[in-house]
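Down below is the structure, laid out as structure tokens.
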Ligand SMILES: O=c1ccn([C@H]2C[C@H](O)[C@@H](COP(=O)(O)OP(=O)(O)OP(=O)(O)O)O2)c(=O)[nH]1
Ligand SMILES: [Mg+2]
């Protein structure tokens, strides 16, 4: 297994991670390669009590982490393609939004779209978080929207080929 990327080679803002007692002993999220867009996050479920997700069912998986994301950024909770491909396991609300002012525990809403039970075990890398810059927009009510060449065409209006 490749070692997770060292902090020193990261160019970008700093996100704070507060570890809750049930994440004690688990590695903090980390980029698994130099160009990884997302940090893999781990399940902070008890060692002796894996979380079983039956086919078609969903579960909120604790990460044991509180994040301090810089203002003007968000955390996007995304599925891992390997889990999706091999087990049909995905993030139901993907991409989950972690707001910069959220100070609760980050949780991952997994759903099992596969046909077998899936056991989430302690320390399993269940999802990835991408940190991205976001903009808050001001709202201005207008009576008419300005014209464009597209107009109201959408939902396949330009064809498929
Ligand atoms: O996958 C996720 C999505 C959200 N959250 C946390 C962080 C986020 O800041 C908060 C609220 O998320 P969201 O705005 O998507 O949910 P809501 O249903 O609108 O809840 P709220 O009314 O609390 O905003 O829940 C997670 O831990 N994991
Ligand atoms: Mg909300």
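Backbone N, Cα and C define each Cβ position, glycine as well.
Keep in mind it's a predicted model, so treat the numbers as computed, not measured.
Straight from TrEMBL, the features:
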- 80, 81, 82, 93, 97, 98, 99: substrate binding site (BINDING)
- 27-159: domain 'dUTPase-like' (DOMAIN)
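Location within the structure of each feature annotated in TrEMBL.
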residue: 80; record: substrate binding site; Cβ within 10 Å: 19
residue: 81; record: substrate binding site; Cβ within 10 Å: 10
residue: 82; record: substrate binding site; Cβ within 10 Å: 10
residue: 93; record: substrate binding site; Cβ within 10 Å: 12
residue: 97; record: substrate binding site; Cβ within 10 Å: 11
residue: 98; record: substrate binding site; Cβ within 10 Å: 20
residue: 99; record: substrate binding site; Cβ within 10 Å: 12
Mind computing the max CA-CA distance among 80, 81, 82, 93, 97, 98, 99, which the record assigns to substrate binding, rounded to whole Å?
26
Helix, strand or coil by DSSP: which one applies to residue 93 (substrate binding site)?
coil
Quick one: of the binding-site residues 81, 82, 98, flag those whose CB is under 6 Å from ligand 1, and say none if nothing qualifies.
98
Averaged over the domain 'dUTPase-like' (27-159), what pLDDT does the predicted model reach?
98
